[in-house]
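Would you mind keeping the following structure in view while I ask a few things?
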Amino acid sequence: MALQELYTKYNRVWIPDAEQVWKSAEILQDFTPGDRALHLQLEDGTVLQYPVEGPGQLPPLRNPDILVGENDLTALSYLHEPAVLHNLRVRFVDSRIIYTYCGIILVAVNPYKQLPIYGDAVIHAYSGQNMGDLDPHIFAVAEEAYKQMARNNRNQSIIVSGESGAGKTVSARYAMRYFAMVSKSSSNKRVEDKVLASNPITEAIGNAKTTRNDNSSRFGKYTEISFDRRYQIIGANMRTYLLEKSRVVFQSENERNYHIFYQMCACAEEPEFKSLRLLSADKFNYTCMGGDTEIQGVDDRADMAETRRTFNLLGLKEDFQADVFKMLAAILHLGNVVIKAVGSDQSSISSSGSHLAVFCDLLGVRQENMSRWLCHRRIVLASETVVKPQPRERAINARDALAKHLYAYLFDCVIHKINQSLRVPGKQHSFIGVLDIYGFETFDVNSFEQFCINYANEKLQQQFNLHVFKLEQEEYMKEDIPWTLIDFYDNQPVIDLIEAKMGILDLLDEECLFPQGTDMNWLQKLYNYLGSKPLFEKPRLSSEAFVIQHFADKVEYQCKGFLEKNRDNLYEELVSVMRASKFPLLADFYNEEENNSVIKGVKVKAARSGVKPANKQLRTTVGDKFRSSLYLLMDTLNATTPHYVRCIKPNEEKLPFEYDSKRVVQQLRACGVLETVHISAQSYPSRWTYIEFYSRYSILMSQAELRAGEKKQICRTVLQRLIPDSNQYKFGRTKIFFRAGQVAYLEKLRLDRLRTACITIQKHVRGWRQRQRYLSMRQAAIIIQQYVRGKRQIRRTLTAAALKQAWAAVVIQRHCRGYLIRRIYLLLQVATITIQAYTRGWMARKRYKKMVEEHKALVLQKYARAWLVRRRFQTMRRLVLNVQLSYRVQQLRKKIEEQNKENRGLVERLTSLASAHAQGLDRAQALEMELSKAVSEKASVEEREKKRKEDTDQKEDLEKEILILKEENRRLREEKVQLQTQVEEDTQVNKELQEQFSQLTKHVKVNWINFFFTIDSQVMETQLREQREGYESQVEALVFKNDHLTRENQQLQALFQEKNDVNRSIGQEVARLNAENMVLSSFLIYDTLYSCIYSICQKHLSKLIYRSFTVFLENIFLGKLMISEKHCACLVTHTLFLLFQDFEEQLDMKDRTIKRLQDQIKALQAPVKGNLYNKPTQTQTLMSLCCAELKPRGVVVNMIPGLAANLLFMCVRHADYLNDGNKLKSLMHAIITSIKQVITDHQENFEMLSFWLSNTYYLLNCLKQYSGEEEFMKHNTERQNKNCLQNFDLSEHRQILSDLAIRIYHQFINIMEDTLFPMIVPAMLEHESLQGISSMKPTGFRKRSNSLLEDGRSEGEAYSISSVLQLMNAFHSSMAQHGVEPQLQGQAIRQLFYLIAATTLNSILLRKDLCSCRKGMQIRCNISYLEEWLREKGLQGCSVMETLGPLSQAAWLLQVNKTTDEDAAEIQQRCHELSPVQIVKILNSYTPIDDFEKRVAPSFVRKVQALLQEREGSNQLMMDAQYRFQVTFPFCPSTQALELLQVPSSLHLGFLTRI
């Protein structure tokens, strides 16, 4: 099909436009060869005549709308500049898609807005996918590089280029983040974090604000990310190219210096930077040249904190950081050094400024030397050395040159330190390099920097062209298509013009050798030597510039400054001053390294080698260094497999999603995208598989061709018929190759066939409608005619008599019908009244019965509530009595202590009074003795008086003595009376003390009576404990005496009889003790109480206290109260303290013991069935047969679900029955360990995991059902409740089993998901479940020849929804066969359905070709199949369909109308489970399959966005396919009677004994 034949009516073309570059127009009239003009109509309705001078002057054709918005530009049928430009516009502006493929290039348009397409979920979605399976993305390129490195063991490179502000740095950062995410290393060195952490540092010291970009990279960077043999990151290395040193000392308007300077100035007040004596950024000359020192939305202080954090993360020491900041501060201070002119040829340093002193102090150099050599220069002549002053201009240049060299040296030092930190010990197996380099640049004034940048881009473009050419050749050879030479642009002449002998760089280096060389002399040499070159021009309007025709555009370079920038000289005197510094960072300043490396194997090189300098001691120039580093870079790239990312800047204003066609097309020409399109267009750009072609163009095939058989042969036959020229297509092994325009021609034929079919359908539908309308009108006309004719006939035949008779008949009929109707009415009335009567009676009786029931219920409630209140009152009363008793005991204890204190005081007082009384008696006896002596003396005196009567002389003396003795006798009598009074008082006091003591004794008696009441319970507990010990010994004897069943029964009967006798005796003893307690209050039977107390005290008290307490009791009960009060008080207090200590805790413990003994007695009485006994030595064999060797597909196992769990539980229950804690513990441990070992040995065995999930769940249910807990027992039968566990609480083991079941469940789900995951996308999205409706649009994407493995699945093995349902059936049948609980099955199926929904929706969001109305129909059909399957399996009530809600809403969104405001409101209301980001993404990605469909208008998308702004929810684009619902194990009691369960002989468990 000739291209000229496509210029027919209704087709559209592109014509040039000054504003939009290209604009669309529709052809109004077919073009025939020889016509001078093409009749066109613009989109605004303007009609014009487009002049055509010849066949080659026809405007380019526009692609059909069906091909617009393709993921790959090379898939377009018409490949030219306007098609590429329009396709990018549609994707960027309308669909908000920033990435597009162009062959092997990824075109990335900067959106100037944060997009939710870089999350971890998106990385996981692209991981493992082939390039082209999902929408274009930087992650797809990174995955392709990583996959080819791992598959082919070949190093890879990702080349990111573009002009400033296009997003190169961000793209390179995302690529490295992808590698760090998908190749996580297992070491603790955090190499991935270090690789990512290097970006903030390099951006701080190498990026700056320009007029085009706020974060423009001012250097080239090649980062090698090293991988080991397991393809995990082990390190990285950076190489930098052409740092823009001039930015340090000069910035244009609205530009800034490097970020690090402003970050330091923002932190000048912090303590770490005080010593640097920094000022604000607007006070340093080197930071305020561009005007504004701040960037809107950028916090320099926060960025500084991030820079320092990454310094620390990379392991760069604080000392090195401090040196770096010192050097940067010194550069700022150096820029503020003021140099003033002294005359016309001299200069000096201003003494008023302190910045030079600060500079010298920071770098450790001498100020006088620095001040001198900034303004002077030493010139070495043949015979002498002359120091020559420099004018102010040269001195300023020397200062700026020093600043530039210092910064460049510091930049290299930091990069070197970063590389050292990123270098990890270990051998590098392979690497992926990420090249972030400047794109082609052209400004109003272009200098040496732009020349070097464009030179590098020329080399990269040449390498790119050769690589594209090579890939095209490989694709042709793979498909067995004859290779034909493709003519493409070769930029080798431009490279030769720059780097060949006597080229621009050679002449520049030669001119730099001359001390007096100037820019004008060098320019004149260029004119002389290169003036005849076709790619070199001399400007017409300028004599100080030259023009080079680059591959992208013509660029005019100003020669001013070329020599100075190429020399990059620094005065030797200043270098010497710097080298003399003691600053450690300046130790190797300005040391030239000789480049001894030899460039080997460079595939892209100059036609002639460059000129080597004659003198080896001459310092190499910047141009020569750059050329060498560029050779090394090209050598590295040629040794790797390159991947290309071209970043495009859509507008100059940095507005989000604004598209400036002029700027975009300029960059497309410069970055090689259009060259790729040109190369593709020269050959066969459109490449479709046979299946895609057959699916798309089967409508053009005849019935005979469709019956031909093989699809490949059908495609050959059809193409030969439709396109006779065989040169317009080629048949490959798997694809059909089309030349440009042929796919558009096929689309035109397809559209014509569809249009013809539509016209035919419309013709028949319209004819049918007209016929139906005609037939209905004809029938109506016939009916009207019948009525009219009948009316005429009636008028013609009727008379007056006939009319009267007719009227009379009508009257009779009326009365007759009325009579009949009245009879029917009366009959219905009677029936209705009867029914109402019966109904009302029934309702009244029902209401009465209900009232009676309510009254009875009220009576029952009254008595029940009264009983509850009484029971609550009795409980409260018992509680209050207990509280009162404890309180009274405490009060009694306090009173006893107080009485003890009082008794001790009274005893002391009584002792003192007794001693005083004894002293008084002794004194009275002494006085009586004295009195008797006095009486005897008196008698002797009287005798002497009688004798002396005779002696008259002595009479007077005797009378005096008698008076004295009488006086003394009177005095002694008075003392005797006093002593007798005192004795009487002492006797009275003694009586009072005896009364108090008797009262105390009575009080103690009362307390003891209460105490004895409390002790009775201990008596009963003691006796019960003795009986319990007897029972335990008897129970142990019963356990192990089970050799013969008859003997065991006899022993059990004897034990039961003995137990009954003991219980009878216990009851009699308790009754007797209760009777004794009743009479103890009146002290009537002292002997029984005495014996009880003796028995208690003998067991609870020590021997010494026992003897003392025995004497005390005898005195109490015999009435002998005259004992030592002190001894009594001490004994009572000590005894009460011992007996009341922890008495309540002992009572509780005794109650529990009694209850356990009673339970054991009941267990002995009840018949025990359903237990299995095994010897402790047989536990390992049991675990081996029931766990390790048990096969899920066994016949017995399939017949009895949960058999293993039931057998194991029966053994557990027997261990509990034996009350053997050690055996029970070891058995549970063995069960859990064995199950863990089984699931560990069969991690990938779905059947085994399903089987043990079921059995673990059954065992867990058995432990709950027979635990004896009330919440589980209420579901059991009476027999099951009798067989519950009696002695041990297994709640801890239940928790361990529950955790183990959860582990098995998650492992079980992982296996099902791994099996299901590869089927989801082919079955749900790619397979055509609705026959006859093609929902896939062939993309024509040309995947790389080495990026895909050979597809092992044939066409017949493609997955469909039936494959998914078959797999789900297998899962469900396996779970059902193994007895998995239905609710647990529902949870597993729910998790699988969630995976289906999440994976399918994520693929829709990442594949633009799936967003169509027909695809929505296919998805909805597949969802209906899943719903039907759920209903068939009875799982619709497990909340499974809720997981498909987002997918169902996405399918509905693809099918619904998307035009009006009502549609937008309906979308906002219906799609409540989709996030706003997902809804907008689907709307933007909506792609029509046919020309009859329309795209979603951007205005409609904005309406939906406005409605969704108020919705709260996640802003994540992707669903989390790794999400796990929380699993719950419901308790479902089993009706299985374990005592009826038989142990199959096939399990070889004969060693188990049934009890």
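Here the Cβ of each residue, glycine as well, is placed from N, Cα and C on the backbone.
According to TrEMBL, the record shows the following:
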{"type": "DOMAIN", "residues": "68-751", "note": "domain 'Myosin motor'"}
{"type": "BINDING", "residues": "G162, E163, S164, G165, A166, G167, K168, T169", "note": "ATP binding site"}
{"type": "REGION", "residues": "630-652", "note": "region 'Actin-binding'"}
{"type": "DOMAIN", "residues": "1229-1510", "note": "domain 'Dilute'"}
In this predicted model, what is the average pLDDT of the region 'Actin-binding' (630-652)?
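Result for the region 'Actin-binding' (630-652): average pLDDT 89.
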Measure the Cβ-based neighbour count of G167 (ATP binding site), defined as the other Cβ atoms within 10 Å of its Cβ.
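A count of 24.
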Just to verify: the residue among E163, S164, G165 with the fewest other Cβ atoms within 10 Å, which of the binding-site residues is it?
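Looking at the binding-site residues E163, S164, G165, the Cβ with the fewest others within 10 Å is that of S164.
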How many helix, strand and coil residues does the region 'Actin-binding' (630-652) contain under DSSP?
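Helix, strand and coil residues of the region 'Actin-binding' (630-652) number 9 helix, 8 strand, 6 coil.
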What is the Cβ neighbour count of K168 (ATP binding site) at a 10 Å cut-off, with all protein chains included?
28
In the same chain, outside G162, E163, S164, G165, A166, G167, K168, T169, whose C-beta lies within 8 angstroms of the Cβ mean position for the ATP site?
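These residues sit around the ATP site: N110, N213, S216, S217, G439, C647, K649.
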Can you give me the same-chain residues 6 or more apart in sequence from G162 (ATP binding site) with a CB-CB distance under 8 Å?
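In sequence order, A108, K168, G439, R646, C647, I648, K649, Q667, C671 meet the Cβ cut-off.
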Taking the Cβ of A166 (ATP binding site) as reference, which residues of that chain separated by at least 6 in sequence fall under 8 Å from it?
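A166 (ATP binding site) has long-range Cβ partners A108, N110, N213, G439, C647, I648, K649, Q667.
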